[in-house]
């Protein structure tokens, strides 16, 4: 991470909302609170979220490293003193007109101060470059904790752990398939693959793969109709079918239909039957296209 003029102009303490004498643990606590509220994953509609999150990360890196923080404090102090001198000079100019000798002395003094400030800035840049090359373990750990907290919040919301009887439940389905925990292929089902399979039935609000149990995921639909269509028609990949069951928001009309397809006792019209056949044909074509695409990507990723 190279130093920027914007970073030198920034008040990192004010950005994190802490005192100048704050200890490392206070800096980290303030970072987690600020970064969690503006994390890009939680603010997809805020174009400045990513920029602010990056600035907070820079602040954490600088203020939790003793050498980088000392260099930054020196630059900050020099700028503050320069601003105070400028203010005093402005007030003095309103009363008297400085003669040439005074201006020459002032220019020499400012030149020396600017050289010192430039040296401090170079020191700060070197410290930040060192942090970039070595890698900031503290920053990575804090960001990992934030990602884990966001993932847990999403899983809790999808599985109904945060219960509120006043909220209207959105339909959620539980997906299962054969997959070994250590297998990187996840049984052929990644998040993108599952989204392609289920988005054709309607808007998917969220989809989370379980981090604890392999071959398990939860999909949340915007409408009950979309969830019903998925339960009735989706079978997944041919070589590794999906088992789909209701988790929340199951309508009364869906009671007794826990597997894809229509029940034996249901009566459908000829038009309904034709629609179902066409949907199954589209599903088969989409699955074949998806399998071919994955095979091409695997071949492209193999060394030649």
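Heads up, the Cβ atoms here are built off N, Cα and C, so glycines get one too.
Looking at 131-155, 156-180, 181-205, the range annotated in Swiss-Prot as region 'Disordered' turns out to be 156-180. In Swiss-Prot, the feature region 'Disordered' is placed on 105-124, out of the ranges 105-124, 225-244, 245-264, 265-284. Counting residues of the domain 'RRM' (178-249) by DSSP class, helix then strand then coil, yields 24 helix, 22 strand, 26 coil. Other C-beta atoms found within 10 angstroms of the C-beta of residue 112 (phosphoserine) number 10, with every protein chain shown included. Break the domain 'J' (11-76) down by DSSP state and the numbers are 45 helix, 0 strand, 21 coil. Per-class residue totals from DSSP over the region 'Disordered' (105-124), listed helix then strand then coil: 20 helix, 0 strand, 0 coil.
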